[in-house]
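This report refers to the structure that appears directly beneath it.
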Amino acid sequence: MFGLLADPIGQTTRLNVETSMTTITAAESVPVADPTAPLLSLRGVNKSFGAVDVLRGVDIDIRPGRVTALVGDNGAGKSTLIKGIAGIHSFDAGEYTFEGKPVTVHSPKDSNALGIEVVYQDLALCDNLDVVQNMYLGRELKKSALLDEDTMEAKAKETLSGLSVRTLKSVRTLVASLSGGQRQTVAIARAVLWNSRIVILDEPTAALGVAQTEQVLLLVRRLADRGLGVVLISHNLTDVFQVADDIAVLYLGQMVAQVEAKSVTNNQVVELITAGRSGDLGLKHPMADVIEEGASKTGGVSA
Amino acid sequence: MTETSTRETASGGSTSRGAGAAPHTPARPSRAAGLRDLSNWADWAALVGLIVLVVIFQSLNSTFLSPGNIQSMLVASAILIVLAIGQTFVVATAGIDLSVASTMTLAAVVFGMVFTAGHGLPLSMAAAVVAGAMVGLVNGLLVARGRITDFIVTLGTLSAASGLALILSDGKPATIISAPLLKLSTGSIGIFGYSVIVALVIALIAHIVLFRTRFGTHVLATGGNAEAANATGVRTKRVKTWVYVISGVLAGIGSILLVARVGAAEPAANTAFLLNSVAAVVLGGVSLFGGRATIIGPVIGALLLTALVNGLTLLGVSQFYQPLSVGIVVVLAAFLTRFQK
Ligand SMILES: Nc1ncnc2c1ncn2[C@@H]1O[C@H](COP(=O)(O)OP(=O)(O)OP(=O)(O)O)[C@@H](O)[C@H]1O
Ligand SMILES: [Mg+2]
């Protein structure tokens, strides 16, 4: 856990033990009245761009301590949904509740204030800055007029080691020299730096190799184990089944199912993604009534 | 101080980089480390060049390193240092300020007008700085809000500012007689003339701003990846505006040093200052693509360019060869920067 803290040139930053303890505790135990109650709920959310209805009556619950995988085909509306949650664009209709209270989220600032952090598909990192600078970019800590580098560095190390990230040699490494997995790690660490409650990751493993995917998934799991609500967008069902507690399936802008991962099979999820239904899960068959009628008729005849 | 050394180790610790790399990282650390070393070397091109020049000139003419000549070189470099620092902030955001020299000319003329009108030295100096800041603000707003290419905007203000200087002064220089100004250009502490002390103090402040403040980080972030910076809440437009204002303010301060040195406020074009300010920045290892900058680099770059001209003059080389030699040095430096990144 302290591999990261080993300073290459032996200038270990003075770490105030007391502060570090309190911060870790605060991050680890998020006070929730009912541990299973959803942190964030959307009900009947609509979003259209011009004449195109991208989201239609979407419901979703994000619970603390659970990884909710958000799956769906290309263009199903996954990114649109999380951008709405993040406040990048607001929903046209529907309810947005946080901890049971209705809230209005119109800008990323609003969602940040609620403790919602998003790691976007196209990682917003600056290659020319180091890990600490990236983690604090736009929200730097100051001591009077100057940057409080010592505190930022210590807290960045603390956050990374709290996530058991051992692959980074130094938090003063330039991001340009990091591997894809390490960059993703930095982006995720930035998201949890702010006592966040919900972390949303848009395809965090898309560009990664096997080993690095494994690392990022472990990290995703660890976030949930700390009590955060985690949303993971992924096209890779192996990853989804490895790490997710719940699976939410978007099909052409409709939330066709939100189920526990262990209650469904890979094939069922594939069917839900591609056809919007699987057995009695998902959309009702458009001919369901006719079939039922037909079935009762034939039943009548044969009897 | 702790973080400087750590950071420099982080970016410069190329020797130990391969060792701790995870097994799954792409297996070409040695190549990367090699490029690293070259790029570090390119960062210090100005210093290496300066030392080489000093050695050559000193061996050809022993008065080159006499205290008197060192002092006059330092004084001669003061204005260029100030302008190059302003240019550095702009270039760090991936912009360029082609108007620095004409802004300085305009500010000098404004200085002359206010002084001639009898408003005294402090007010004249303030007016010069404000004039510079105004030109910078126009540049900044047009680049950041107007979304016009920096090159075109500052080319426009280059022309506009020198035109305005001619109009305001009616094309005539105004002689400035002021004891404190004379002191500024001739006084010294040891071998450091007052004007170069002013320049070095500005360099120190600029270094602190660039590396120790939120604004400085945002400047580098804007130059490195404006989109990412924006997404994380950095107000890149504001940052872009401010760097041009900084450049304008420093051009205003440069005009005070210029008026002090010349003893007059002239509407003369100072084209050499523009070229040399960009040259000093490039020599100093600042990336023209933005996001990568130091203050010490351009300062050394400015010293190098001044030493070059001074040394050639000492050797009795015709003035005509000076622009040629500056050009060669700059292109060589630009060639070295190919090894950056
Ligand atoms: N700003 C926009 N203006 C118009 N249409 C948009 C806009 N953003 C998204 N769309 C449309 O909304 C639909 C859903 O897009 P979205 O990016 O949410 O899909 P996705 O599920 O994230 O897909 P992928 O898996 O490919 O990332 C697409 O048809 C897309 O063309
Ligand atoms: Mg998407």
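Note that the numbers count up from 1, one per residue, in the order the chain is shown.
Keep in mind that glycine also has a Cβ here, set from the backbone N, Cα and C atoms.
Annotation source TrEMBL lists compositional bias 'Low complexity' at B:1-22. Positions annotated as region 'Disordered' by TrEMBL: B:1-31. If you look up TrEMBL, you'll see B:41-60, B:72-91, B:98-117, B:123-144, B:151-169, B:189-211, B:242-262, B:268-288, B:295-314, B:320-339 marked as transmembrane segment.
The transmembrane segment (B:123-144) is in contact with the transmembrane segment (B:242-262), judged by 3+ CB-CB distances under 8 Å for residue pairs 6 or more apart in sequence.
Long-range contacts of the transmembrane segment (B:242-262) within the same chain, counting only residues at least 6 positions beyond its ends with a Cβ under 8 Å from a Cβ of the stretch, are 75, 78-79, 82-83, 85-87, 89-90, 92-93, 95, 97, 99-101, 103-108, 110-112, 125, 128-137, 139-140, 143, 176, 181-182, 184-185, 195, 198-199, 202, 215, 219, 270, 273. Long-range contacts of the transmembrane segment (B:295-314) within the same chain, counting only residues at least 6 positions beyond its ends with a Cβ under 8 Å from a Cβ of the stretch, are 43, 46-47, 49-50, 53-54, 56-57, 60-61, 63-64, 69, 72-74, 76-77, 80-81, 84-85, 87-88, 200, 203, 206-207, 210, 276, 279-286, 321-322, 325-326, 329, 333. Put simply, of B:72-91, B:98-117, B:151-169, B:268-288, the stretch with the most CB pairs closer than 8 A to the transmembrane segment (B:41-60) is B:268-288. Counted as Cβ pairs under 8 Å, contacts with the transmembrane segment (B:72-91) are highest for B:268-288 among B:98-117, B:151-169, B:268-288.
Within its own chain, the transmembrane segment (B:151-169) has Cβ neighbours under 8 Å at 96-99, 101-103, 105-106, 108-110, 112-113, 135, 138-139, 142-143, 265-267, 269, 274, counting only residues six or more beyond its boundaries. For the transmembrane segment (B:98-117), same-chain residues at least 6 beyond its ends with a Cβ under 8 Å from one of its own Cβ atoms are 79, 83, 86-87, 123-125, 127-129, 131-132, 135-136, 139, 151, 154-155, 157-162, 164-165, 168-169, 173-174, 176, 178, 247-248, 250-252, 254-256, 258-259, 264-274, 277. Within its own chain, the transmembrane segment (B:268-288) has Cβ neighbours under 8 Å at 42-46, 49, 79-81, 83-84, 86-88, 91-92, 94, 96, 98-102, 104-105, 158, 162, 173, 223, 254, 258, 294, 296-302, 304-305, 323, 326, 329-330, 333-334, 337, 340-341, counting only residues six or more beyond its boundaries.
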